[in-house]
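Visitor: Below you will find the structure I want to go over with you.
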C-alpha cells in the first residue's frame, strides 16, 4: 500500500474517459497516441521512480448525469481553461459525414495522483510507432485549480485533499466514525469469508482488514467492484471520511447481497437437477431467476409467443384448427423429446407463411411501363408488345387468370430481366426459383415430415421468403428439370401452373392446402423440346431468338458500356470505346445470339484501362475535395483506457469520386491495336466460309441449337471402297437417316445430273462416301440438314464448288421434296452474323419471314425451294449447267 506522498503544485494530467482511478487501486493501460506517449516519456520514463502524474475523469457532452462543482473560471493562462461543465477544447467544429458538429468534453474537478509501478516501451512494425504499457497505482486525491497545456498534453495546478496526521487522529476519536468503521469491517469480513468459501482460498485477504487504515480500505474494496461511472465519481468526491465509509459500506453490502441471491438460485436449481439433462438445467435456472425477480409471467414464453404469432398470421379456419391441434401436442411435449423441434419448426412455418398478406398493386401506367421496357430492353418489339398486352389485361381485370408466360431463347437475350420488369410494372415483389438440375420431385412438393431433415418445397419456401402471397415468381430454366427414381419435377409443376388446381396446392411438408392462384408465374427456358407436352400446354411460349448486329451495337453503346464502366470504377473521362471498335468486337470476337460474351469482352477492355488508371494514380495525391485533418490535442476524441487517439472521419465517397481522385492527362481511347492486345487475335473471320468451301464436297448449312442459330459446314469425300457410307461428328439417329436419304436421292438421280456415265450402273461401285460434320465434340441431330448433305454430295461427285456466300436449310424426302423446318428466324440471324449473303429456305417457310427484322431481310437474299433441284440451281455458281442435258 502506498504511503502518503508530498504532491507538487502542478501535475501532468492523463484523462480517463468514463473511468475513475481510486487511491490504492492499480490499473494497466496502453498508450499509443502521440500526446499520451509524450506525457509518459517526459513525466515517467525520464524521471524513473520519482515521476508522478494526475488521473482526471472526463465525460462526453452527451452524458446527462450531474457533475461536481465547476472549476474556477478565468484561472490559468490557456484558452482551454473552463469549468467542469464547460467544453475543454477549441471552439472549432469537427467535420463528420459532411456536417459540422461540436465535439464537447467535460472535465471533473477532482482527480487522483498516481505513480508508475511498471513501464514497458515497444515499437509497432512496420509503422514504427512507439507505444508504452504503464501499470499505475493511485496515491491520493487532489483538487484542480486550473488547466493548461504543456506542448501536446495537459498540466494542472492542484491542491491536495488528504487530511493531515493531526486531523486524522481527531476524526478517529469521533464515535460516529468508529461506528461506521466497525460496520464497514463487519460487512467486508462477511464478503471476504463468503468469497473464500466459494473459491476455496486461504485467508490472505483478511490481513488487509488489520493492517490497512479503514479509510484506504474503503477505496480499495470499491475499486474492485463493477459499479457505474456516477458511483465511481461519487466515491472520488467523498473527501469526508464518514461519507466515504458510508458509501463504501453500501456498495460492499450490495455486492454481498447479489452473491447471496446467486447462491440461492443455484441451490434451488441443484435440488431439481437431472444429471443427464443439460438443457433441463438451463431452463430450471431461468425459471428460478424469474421467481427470484418476481416475474412469473409466462406470456413471454417461447411457445406463447409462437401462439400469438400464429393467431396474427391470418390462417383460414380449417388450417387454424389443424395448427391448434399441433400446438396442443407441442405444449404436452418436453423440449428434450425427439419430435419437439420438428413440431416447433413446422408451426413456425405455418406462422411465417403469408396466408393473406398481399402487395397492393400500384395504379398501372401502360405508357410509363412501355417507356421503361424500351429503356431497359433494346429491340424485342413483339416480346415487349406481348408484355404490354398482358399488363393491360391485368389492369382491366386484376383477378383475371392470365396465361403463364414462358420466355424461350438462347442465354443472354434478357429473359430473366423481362420477368423482373413485369414485377416492377405491377408493383409486386419478385422471387426467382431456379429449376436447373432439379431431379427430385420433393424439391417442388417438399419432403414429408416423417423423414429426418424434411423441409418444404422451393415454391412454399420462396413464398415464405418473399413475405407476400401475390409475388411475381420466376421459374427459371424450366427446361432443365430431369426425372429419375426420385420422381419427375416437371410433372409436379403441372398442378402449380394450372389455375384450376393451384388454389389448393398441397406441399408434402406443409400437408395443408396453400393458395398459389394469386402468384404471377413466369417461366424461362432455352429450348422447347425438353419440356413435357402437358406442361408446355399450360404456358404461352414467347420466343426471344437473339439480337441482330445492329441491335447488339445499340445495346452495347446504351447499356453495356455504361454498366461495365460503373462496375470497374471508371467513367468516360478515363476510358472511351468508340462505336467502330464495338463493331469490331461484335464481328470478330462474338457470334452468339445474346450479349453476354460481348459484355465480357468489354469488361476485359475496362480492366486493362483500370490497371493504367491505378498505376498512374499511385503517384498522384487525392483531389482538392479531400482535406488532411490536422487537429490539435484539444480537438481529439479521448479513448477508453486513458488514450487520446486520432479520430477517423469517413468521407463517404462513391466509386466515381474515388475515380476522380486519380488524375490522368487524357482518356484512354480503345483502338484496333489495343483490341488485339487485350482480347487476342480475332476469333472469327469473314473469309472463313470462302476458305471452307474452296474445294468441292463442302456445303454451308443452317442449324438451330439451344444457344440460337448456328452455321454448320458439311464435308463429304470419297475413297476406294465397297460402296459404304461413313458418318462422323456425334450425329443422332434422325440426322443419320437424313444422310441415308440424301445418298439414296443422289444415286437415284445420278444419270440425270450427269454424275455417272451411261455405262455406270452403280454410282457407289468400288467407292466409299464419308460425310463429316465438324466440331465433332458437339452432339448434332435433326432433319434440317438434308438439303445441305445432298448439295455436298452433288458438289463432291461433280467436282464443282458450292457458292461460299450461300447457306441453306431444309428437310428432304425420297422424292426430292423440300419440307419446312423450324427455327427459321434464329437460322437467318445466324447467317446474318456470319456474313452470309444468300439463304435458301423451303418454300413453305415463307410465312416465317414475318418474324425476321426488316434490317436483316434487306441485307440478305432469300431464295425459296420447292424441290431439291431448285436448291441445286441456286447453290452453284452460274446455276446448274448440266440441267440442259438432264431429264429433270
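The backbone N, Cα and C atoms fix where each Cβ goes, and this holds for glycine too.
Automatic, uncurated: that is what TrEMBL annotation is.
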Visitor: Among the residue ranges 26-63, 64-101, I'd like the one that TrEMBL describes as region 'Disordered'.
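Guide: Comparing 26-63, 64-101 with TrEMBL, region 'Disordered' matches 64-101.
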Visitor: Can you check which residues sit near residue 784 (active site), meaning Cβ under 8 Å from its Cβ, same chain, 6 or more apart in sequence, and list them in order?
Guide: 701, 702, 703, 704, 809, 810, 811, 821, 822, 823
Visitor: Give the sequence-ordered set of same-chain residues, not counting 409, 410, 411, 412, 413, 414, 415, 416, with Cβ within 8 Å of the centre of the Cβ atoms defining the ATP site.
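Guide: For the ATP site, the extra neighbours are 407, 524, 544, 593, 594.
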Visitor: Of all the binding-site residues given, 409, 410, 411, 414, which has the fewest Cβ neighbours within 10 Å once its own Cβ is left out?
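Guide: Minimum Cβ neighbour count within 10 Å, taken over the binding-site residues 409, 410, 411, 414, occurs at 411.
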Visitor: Could you work out which of the recorded positions (415, 827) has its C-beta surrounded by the smallest number of other C-beta atoms within 10 A?
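Guide: Looking at the recorded positions 415, 827, the Cβ with the fewest others within 10 Å is that of 415.
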Visitor: How big is the Cα-to-Cα gap, in Å, between residue 415 (ATP binding site) and residue 827 (active site)?
Guide: 20
Visitor: Determine, to the nearest whole angstrom, how far the Cα atom of residue 412 (ATP binding site) is from the Cα atom of residue 827 (active site).
Guide: 17
Visitor: For the domain 'Lon proteolytic' (693-878), what's the model's average pLDDT?
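Guide: A mean pLDDT of 87 is what the model gives the domain 'Lon proteolytic' (693-878).
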Visitor: Roughly how many angstrom lie between the C-alpha atoms of residue 411 (ATP binding site) and residue 827 (active site)?
Guide: 16
